[in-house]
Amino acid sequence: MTKLSVNINKIATLRNSRGGDVPNVVQFARDVQKFGAQGVTIHPRPDERHIRYQDVYDLKPEVYTEYNIEGNPIRQFVDMVLDVKPTQVTLVPDAEDAITSNAGWDTIKHKDFLVDVIKEFKQNGIRTSIFVDPELKQIEGAKATGADRIELYTEAFAHHYGLGNEMAIKPYTDCAVLANVLGLGINAGHDLSLDNIKFFKQHIPDLLEVSIGHALISESLYLGIENVINMYLRQLK
Ligand SMILES: CC(=O)[C@@H](O)[C@H](O)COP(=O)(O)O
Ligand SMILES: NCC(=O)COP(=O)(O)O
């Protein structure tokens, strides 16, 4: 079975745009779990433009499914994750000014750093995952860091599959086969959506978890707008 972890960054973006507490991030996390999501993902960034460090603590007692915290393991992030102790930490090498995550780790070049930081998390009972591009050498490199899982960076698949190129799945399938041989668990995320998730799942053996945010929240708006308009119209009669 593949678990669905809902990334709630976008809910925090919306909240922050008005300065109040609507929508409420913690309530949203409670609701997605009530509706069946098997995990909650957040990706606090150093500028706190969406998820704030305080949200990470506020969510902890409310997430009874898998709590996945993603981010670049700068010291402030590492200390917070060690303090909160989520189910899983996903290490993402994003630059401070990146609009969103745009590359996986070079697991060979950064091996020593990753080995140290992963050891620290694992000693504290936190499952570790490394965000990687779908390249065989990066999967082998990920194994050498001691990580429990990889998260396949699916932006390229989503883009090319959206243009009609089904072969865009091939490097992901090849990496998944290798990861399974090496004993690495497989997660995936970035730009997955209702349009591509079924095809992706069918071609990735033993896909453990997908984290989905941007498309899922957008789809919720599209699919929910008719209901809400009608609720307003009823009240305005
Ligand atoms: C790691 C990843 O793939 C990203 O999707 C990320 O978690 C989303 O972050 P933003 O919401 O800041 O774009
Ligand atoms: N790890 C990927 C994630 O959490 C969500 O990415 P996206 O669906 O917002 O692109």
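Keep in mind that glycine also has a Cβ here, set from the backbone N, Cα and C atoms.
Those TrEMBL annotations? Automatic predictions, nothing curated.
The 10 Å shell around the Cβ of HIS43 (active site, proton acceptor) contains 23 further Cβ atoms across the protein chains shown. Taken from TrEMBL, the feature active site, proton acceptor covers HIS43 (among others).
Per TrEMBL, active site, proton acceptor is recorded for GLU70 (among others). Shown in sequence order, THR41, ILE42, HIS43, VAL89, THR90, LEU91, VAL92, SER101, PHE131, SER211 are the residues of the chain, 6+ apart in sequence, with a C-beta less than 8 angstroms from the C-beta of GLU70 (active site, proton acceptor). In the three-state DSSP scheme, GLU70 (active site, proton acceptor) is classed as strand.
Taken from TrEMBL, the feature active site, proton donor covers HIS190. The Cβ of HIS190 (active site, proton donor) lies under 8 Å from the Cβ of THR100, SER101, TYR153, THR154, GLU155, ALA158, each of these being in the same chain and 6 or more residues away along the sequence.
Summarising the annotation, TrEMBL assigns 3-amino-2-oxopropyl phosphate binding site to ASN7, ARG18, ASP191, GLY213, HIS214. In the three-state DSSP classification, ASN7 (3-amino-2-oxopropyl phosphate binding site) falls within a strand.
The number of other Cβ atoms within 10 Å of the Cβ belonging to THR100 (1-deoxy-D-xylulose 5-phosphate binding site), over all protein chains shown, comes to 14. The feature 1-deoxy-D-xylulose 5-phosphate binding site is assigned by TrEMBL to ARG45, HIS50, THR100.
For the recorded site, GLU151 (site 'Transition state stabilizer'), the DSSP three-state label reads strand. Among the features that TrEMBL reports, site 'Transition state stabilizer' is placed at GLU151.
Rounded to a whole value, the Cα-Cα separation of HIS50 (1-deoxy-D-xylulose 5-phosphate binding site) and ASN7 (3-amino-2-oxopropyl phosphate binding site) is 11 Å. Close contacts with ligand 1, defined as a Cβ under 6 Å from any of its atoms, occur at none of the recorded positions ARG18, GLU151, ASP191.
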